[in-house]
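J.: I have a structure I would like to understand better, so I am pasting it below and will then ask my questions one at a time.
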Amino acid sequence: MPMYQVKPYHEGSASLRVELPTCMYRLPNVHARTGSPAPDSGHVQEESDPSLQALESRQDDILKRLYELKAAVDGLSKMIQTPDADVDVTNIIQADEPAAFSTSALDLNSVLGKDYGALKDIVINANPASPPLSLLVLHRLLCDHYRVLSTVHTHSAVKSVPENLLKCFGDQTKKQPRHEYQLGFTLIWKNVPKTQMKFSVQTMCPIEGEGNIARFLFSLFGQKQNAVNLTLIDSWVDIAVFQLKEGSSKEKAAVFRSMNSALGKSPWLVGNELTVADVVLWSVLQQTGGGSMTVPANVQKWMRACENLAPFNTALKLLQ
């Protein structure tokens, strides 16, 4: 099928002539081998000022020293935040410093729902005969990242609660106006078969089980994990609740072998950061007397690393 002809863009081998605008001054050719400016150049490049060269050199030196300092600080932080560290950092980590895991900004309203003029209050019912250590650890971690209004109450059906459990959140005498807090955390000692949690008393069913509540509370930190790590974390939490806490001696021995293998590859159970799996497994070990049992070397090192962090150390004192 015949087509119309298009006018050729180039005429043979003749060079393409382009009409340059005359309204702008000409710049020297940066690709020329000689450093001479183009003819009729209206712009003359001045020689670099020696004072500017000295300033640039000084800036390069400062940046180099900053990079070296950053590398040194990163090295020290890894020593403190991994189980290889033999330093007790209980008194070093302050309340306003994060623990050995990364967090990202999280809008609490997107998780707990927005209620104008009301403080979102997480209410937990727990049995004083079996204190949920993992939730106490997570409470301390939440206090490190949010302004938390913490209160402890005792249900009327409970006859007596040990003094250390009544003061598990520390001294709460210093109070700020309620509207200045970001989150409420209320713990009620009550005779319940399983630990329960609600953050909307009117519109939600309670979340039951220490492991499930720990999963929810840890999600408030906004930690990012891929699908594989999330699956491993959920698996470890289930192992802690169903095998380590309620299983037979053979099942517990199998859990220790799996933990020892995982901790031989990474400082924490899932990767290089603390996760809810570490919190729940450590808490179950303490509740079942696992700390006094014969455990593999990697598990012992991991337990020391957990107890070197202030939230774990504070919860551990409740058992003493």
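Every residue, even glycine, has its Cβ placed from backbone N, Cα and C.
Those TrEMBL annotations? Automatic predictions, nothing curated.
Because the structure is a prediction, the values reported are computed rather than measured.
Per TrEMBL, the features are:
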- 1-44: domain 'AIMP2 lysyl-tRNA synthetase binding' (DOMAIN)
- 31-51: region 'Disordered' (REGION)
- 118-208: domain 'AIMP2 thioredoxin-like' (DOMAIN)
- 254-298: domain 'Glutathione S-transferase C-terminal' (DOMAIN)
J.: Mind checking how the domain 'Glutathione S-transferase C-terminal' (254-298) divides into helix, strand and coil residues in DSSP?
T.: 27 helix, 0 strand, 18 coil
J.: Could you give the number of helix, strand and coil residues in the domain 'AIMP2 thioredoxin-like' (118-208) as assigned by DSSP?
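T.: DSSP classes over the domain 'AIMP2 thioredoxin-like' (118-208) add up to 20 helix, 25 strand, 46 coil.
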J.: Tell me, what is the mean pLDDT of the domain 'Glutathione S-transferase C-terminal' (254-298)?
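T.: Over the domain 'Glutathione S-transferase C-terminal' (254-298), the predicted model scores a mean pLDDT of 88.
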